[in-house]
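If you look up TrEMBL, you'll see 2-219 marked as domain 'Glutamine amidotransferase type-2'. Annotated active site, nucleophile per TrEMBL: 2, in sequence order. Under the heading domain 'SIS', TrEMBL lists 288-427, 459-600. TrEMBL lists 605 with the feature active site, for Fru-6P isomerization activity.
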Ligand code: AGP
């Protein structure tokens, strides 16, 4: 949720940390802060607001020192204020700590410490951890590292923390529930909540797992468990390069990522989709494929946009593989004590691979002994490392908080899984070849849809003042209606709802009047005639209709304000095309409303707390 960065080496830490925080800002942008150890001892600067505000605050008086930590915040406990910003400093001023996560038992500890005379400058749960370490130091002669370990055994909740102090010239970091990566440079070391602040400095990384603490000095690092057991950790090579996490000339990461979809889709198919053979190769599932083929039931758990792709996955796998599929909100699945039996397979979908509720669904499935597979974008993410097997999207870094190219890559991977399951099951070789060729032609068709960008921008200018929107679709495009509504909500702050088109008559139709734009996905597929009747029902109540349909279809012109005609494709692949105009519509409306498209208010790219 929050972003943490740390540095120890020969270079001045301030600019490395500020640049790192800027790259992590999609994880939270309520406040930002630095703690740097130099000749003047430990110096802390923190501000409410974005990293740029912190940068201008320290510009006047740079913080000198080659050891430091930084933090960008997504507020959980206490509003975005200077006081609640991280780092939080010990009463002695000896050390400073940044934290990503939630200390659930902060109330009890705060009470105990207050009775011992500790006072608190902030409302945060994090400051409680700082003073708990203080107290252990005061009561014992333990080193800072040992006091931190002891304190961490007393807290309940999740944490990714990094600590620097003016006395031991070390960078100490630990994780439980929140991601943390150590970057190994040439005589220097970096800590990051994800790879974004590390890529420009090193490709050599160590992924910390839950319950691990790393102590980094100028000459090396040591990883131990919080129970003080030394560990040998594997060093991994980062895949992404710096260019991929830059805007490359686009105004926003979201627009860049929408426009990248022909490439990201080709990358997610490369080496996997072999229409000529015809077959699908999913190396990451090779060891468990037979279990998937023989599955009695597949349960897909996810959150947000990933949950929408899971719904498309349900349609795909049930219609092609005839295996029953259930789609679950991960946050509900984990607490519902789900009934999982032999023969069940749990699949989780997560772009970031760090979403707390989805990670908990993985642990629930594993606890119950059923096979758990992952579909993730971030290589080396916690969910990717904790699932039994899985498929990477290969969509490249997704920085914009509103997920776009990850959605289409997720649907593509689900389509490949469904088609592979259908091979010699429900599909003949000829049908297999036909469907694989159809999938292979999608990147070019998405390119054609992207050529409608200007037309969609013009349409957006008409609807930018709307205060409500309704999105309606049937079958494979019902989840796309949900996704379109979510995109508009999260970046333009317009209230929008998505529904199965038929469901409209059971309530939402009451909302229809001439001020209610209604977006219909009306591709000429098995549901087309029914969708047209729904359009007529809305028009009969003066609703303003935008329809997405096949190129060459003029039947809707008389009924609709706007008709967007997109290339034809197979019905099961249409979500990969129909979602793109909805991504662009929400993008342009948000830009015209002056919203911060890449960092919408109150949101963050990966939700690592419950
Ligand atoms: C989508 O635009 C949002 N950023 C959000 O709903 C997101 O899809 C959700 O938090 C799940 O994230 P994940 O795929 O990284 O697990």
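One-based numbering along the chain as shown.
Every residue gets a Cβ built from N, Cα and C, even glycine.
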Please spell out the DSSP helix, strand and coil residue counts for the domain 'SIS' (459-600).
66 helix, 29 strand, 47 coil
What Cα-Cα separation, expressed in whole Å, is found between residue 605 (active site, for Fru-6P isomerization activity) and residue 2 (active site, nucleophile)?
10
Around residue 2 (active site, nucleophile), how many other C-beta atoms are within 10 angstroms of its C-beta?
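Excluding its own Cβ, the number within 10 Å is 28.
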Which residue counts does DSSP give the domain 'SIS' (288-427) for helix, strand and coil?
63 helix, 30 strand, 47 coil
Within 10 Å of the Cβ of the residue listed as 'active site, for Fru-6P isomerization activity', how many other Cβ atoms are there?
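Its Cβ shell of radius 10 Å holds 27 other Cβ atoms.
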Tell me, what is the mean pLDDT of the domain 'SIS' (459-600)?
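Summarising the domain 'SIS' (459-600) by its mean pLDDT gives 97.
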